[in-house]
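Sequence annotations record features per position, and here TrEMBL assigns coiled coil to 475-509. Sequence annotations record features per position, and here TrEMBL assigns ATP binding site to GLY595, PRO596, ASN597, MET598, SER599, GLY600, LYS601, SER602. The domain 'DNA mismatch repair proteins mutS family' annotation in TrEMBL covers 669-685.
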Amino acid sequence: MTPMIRQYLEIKNQYQDCILLFRLGDFYETFFEDAKITSEALQITLTHRNGHPMAGIPHHALDNYLKKLLEQGFKVAICDQVEDPTTAKGIVKREVTKILTPGTVVEENMIDENNRYSLLIYSYDNEHFIFVIFDFSTGEIYIDSFEFSENEIIDFISSFSFVQILLSKNLKTLKSKIKNIYPSLYIEDLDEWYFNKNFEDVIKESYEILDIDVLKLNKNELLALGAVFKYLEITQKQKINHFSFPKRFKSSNNMMLDSTTILNLGLLPNQENKGKTLYDILKFTKTSMGSRTLQHWISKPLIKKENIEKRLNIIETFRNDVLIMEELKEYLSSVRDIERISSRISLFRATPRDLTALRISLEVLPYINELLNLIGLNTLEEFNDLKQLLSNAILEEPTTQVGTGKVIKKGFNLELDRYKKIFENSSEILKEIELKEKQKTGISNLKVARNKIYGFYIEVTKTNINKVPPNYIRKQTLVNSERFITEELRNLEEQYSIAEKKIEELEKKIYNDLIVELQNYVKDLKILSSKIAEIDILRGFAEASIKNNYIKPQFNNENLVIINGRHPVVEQFTDNFIPNNIKLDRKKRFVILTGPNMSGKSTYLRQIGIISIMAQIGSYVPAEYVELPILKNIFTRIGAKDDVVSGKSTFLVEMAEVSTILNNADENSLILLDEVGRGTGTIDGISVAWATSEYIYQVLKSYTIFATHYMELTMLNDFYDGIINKRVKVLETESGIIFLHKIEDGISDKSYGIEVAKLAGIPNEVVLRAKEVMNEISNKTAFEEKLKSMKKIKQKKFSKNKNQLKLF
């Protein structure tokens, strides 16, 4: 076994759960089983060295290959040479300098602009759970305690696009469930010692605080937070101090939408609905920070009127001056990802091009401020000192690699300039030497040049070898020529080598010192990025409102009124979208909506929910007039689906969603229900739907729209004055039915199931036979008798304490 392989195995033994990329010269090599895995994952050649499998990637292409490995769910350890090979005695010293997982990547060319949330779940008893949600690339972090079942945790995970999940090791069953549902998601167990009592030091060091109580977290939340920082310090091989103070996921300033509502209303992109979500419709942002923050705004609408109206007023300001709005758009396009650049600065992983991007971003701030000032909006800090520092220090177009002499600008450091001058003047000196030697020897095609391996040399063709003077010292023999060195060239080579080495050392030191100095600006740059994101989003909302004909919503204490409301997504893909109205108040707050399939009931429900959310994130809305109460929650139960992995039927999934609503909604909630009870027998379904409606109306007192096929539910109107019957208008013609997609008062007395089947393309003979069967089995008299019997149902008075509900 060679010393190098022995060194590799010693290091690999410490990182058995990682693919170890082992630096050998200009390549990162993998060996043994890692080589087989890497070769297959990256589609690169598998070779052998001394009989050992081996696969390597060029060091300059590392990021591209790393990205591919991480996207496939691998954990990768980077093992670098940590001493100069030219001065090393024996085997070159190597160490793992960082460990990368999908959630710990910050390099610009390896990630897109979207949020890269990781989730840590810690439980000390398998009943109470601590969630820590964090984005390592931005330093954003949330923490909260939940009493969730494992299935509720799965639902929570489904509402985010997590790039990795960390679990305390006692959650093995949960890990198995998550892995079954999300096989490509990176999941890692954390040993118990991550959650030990020694959490205070790592948290204090990360936040640079003396008193841990300022975070206002309980003991178990602190354990979980400490585990996150320990994990990051171990994988990154450095202290972590770029995170903001943790925020509560459940905030008193925001609505907390559950995963079902986010999915049912199509609020945020996932694998199935890309391009057709509310996020896509409102995304007129020009900065990466704005795009990420927009997703956060949509998932957590505001619940304080003054905060909502502040945003709406800024949109109105932009709308009143379209020229400034458009000019601001152009300047925002020049602003790079300041939030992530500042994180990379904090982590000492900022590249020279990051600093150039930061300088370019800062240079447009005066122009942005000039526009904001013209329309009376608050201006941004301009960071003139930082801008000047970056302008003085970094070249306009630096290379990505520090130490080449092509990063630090001339005039920033005199010593570096002196060595660069020696370096740069060498080419002129070589020309002078070449001319002199040609004249002295009479060899007209004599060349004086340099390469990286042999240094400076004089090259003479073999036909002129007899003219070579005695002071030429042979250096290298080629097929058609000989290369020589002279004392003069040797002295020049020595100066050149010293200058080259000094340039590398000095530029690296100067750049590192610059990054150290930039640490003083990181917190303020984070604040700047947040303010730019807000301006970017609200300017985009203004543009969206003009382009899509949105109006400014009004807010009150009890009326929910939407006149000629439209579904903001569906209308983008439909030529003639039919608008609709809804009017609810504290007395008339519950709608039973009947109508056939495909008539537009679900779209109507969704557009009411989406318009309410748009209004509460501070956006204009698609309607002619909107007046809303401030909603604290929006709950939905729309669509039928089995949960095959968990072995749940459609009805069980449906009842679980209804249970969540009944146990969490209140008078400040909007509930949107579609076909509750259809996953079971008719009598059972009607009974559950009836009881659910009564409970919502009597106890929860939520604003509710309940779409149903059960005509029997329309009789609730006979029991409760505040329940309204509405239907979808349908036009019957000789050739069939036409869905008018218009909501009106009344009851739909037909389901039109056979007509819908015909529209769906069912063969005509099947449709005709269905009509024959329907005529045979339908019994109008029996149905009327059924309705009469339902009128005898005794009105139920529920307890006002909703926690006593035990229906499911």
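Using N, Cα and C of the backbone, Cβ positions are placed for all residues, glycine too.
TrEMBL annotations: computationally assigned, not manually curated.
The most densely surrounded of the binding-site residues ASN597, SER599, SER602, judged by C-beta neighbours within 10 angstroms, is SER599. Of the listed binding-site residues, namely GLY595, PRO596, GLY600, the sparsest Cβ surroundings within 10 Å are found at PRO596. Confidence over the domain 'DNA mismatch repair proteins mutS family' (669-685), given as mean pLDDT on the 0 to 100 scale, stands at 83. Within 10 Å of the C-beta atom of MET598 (ATP binding site) sit 16 other C-beta atoms, taking all shown protein chains into account.
Annotated ATP site GLY595, PRO596, ASN597, MET598, SER599, GLY600, LYS601, SER602; additional same-chain residues within 8 Å of its Cβ mean position, judged by their own Cβ, are ALA707, VAL728, PHE739. Taking Cβ-Cβ distances under 8 Å and a sequence gap of 6 or more within the same chain, the neighbours of LYS601 (ATP binding site) are LEU593, GLY595, ASP674, ALA707, VAL728.
Assigned with DSSP, the residues of the domain 'DNA mismatch repair proteins mutS family' (669-685) fall into helix, strand and coil as follows: 4 helix, 6 strand, 7 coil.
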